[in-house]
Amino acid sequence: MQSELRKDYLLNKYVLITPARARRPRDISEQTILHRDKKCVFCPAAVEKKLIVDEIGDKEGWQVLAIKNKYPAVTLTNKKAYGTQEVIIEMPEHGVEFSDLSVSDIENVLRMYQRRTAALSKPLPGGKKLDYILIFKNNGSKAGASILHAHSQVFATDIIPPDVQEEITAAQRYHTQFKRNAYEDIIKKECASKRFIYGDDLVAAFCPYASAFHYEAWLFPRRFIDNITELNRREITAFAKILKTILQKLNSLNISYNFFMHQIISNPHQYFYIKIQPRDSVWAGVELGSGIVINSVAPEDAAKFYRKR
Ligand SMILES: [Zn+2]
């Protein structure tokens, strides 16, 4: 395959797909997890009780814990950087990979995301509202993970990030023009393409046409929903399974990754989905200078890799 310049579905962003430069997956190696045996502030005995905001567990103790971020960049008392940040500790055990959790344990993590999204989207005293709730995970050193106890984070603010806003505006324009939901069309098209990874009647996963990251993957519910609280029981199970499968495949390459769930509360044009962005590629001169990203792993090849069992 020759190099090819591709435009994002909705954003005015470009990616240069250059598979000729690709390294083979087995040549990639990165130490993503170090010092598995150490203890940390997210271990059950060390968690400060006053930081706990929610927990899922049983008589034996918690299984998933939500705590306030002790060092937040935004707070509800700062008018100049307004918002709130929480940490979701995904399991009591230290040094276990998220993708090694059982499907039912991953379901509990997703349920905690639902509970925190519901709690944080309620109106606040003084009529303020957190309009944007981002749930994300940094896994591995290159993805920015600073603590090696499986956790994800919630970042909620009243500002909608420009890229997210631009995507929504483009989706609105698409709807006005074609009278159809842009994301439903993207899903339909990608599920019939070489970029398709997996799908059933509840979820669909594919590598996006203009993937900016090696092995980037997007996970959509088949049904249009606007935030994670609307996922039903069966959809939670379907997401837990596909998330586990894809992240296990990534771990087999030892690649750090981030995943993101952007949620704008009460916007009818936003389709809820999960973006998995591995951090294998290094953005250098072209990316930083021109804004055009070079990706040497074609999404068609990445999808093939994910499909291989
Ligand atoms: Zn720990």
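Placed from the backbone N, Cα and C atoms, the Cβ positions cover glycine too.
Nobody curates TrEMBL annotations by hand; they come from automatic prediction.
Going through His94, His175 against TrEMBL, the one listed in the Zn(2+) site together with Cys40, Cys43, His149 turns out to be His94. Across all of the domain 'Galactose-1-phosphate uridyl transferase N-terminal' (3-161), the predicted model scores a mean pLDDT of 87. Reduced to three states, the DSSP call for Cys43 (Zn(2+) binding site) is coil.
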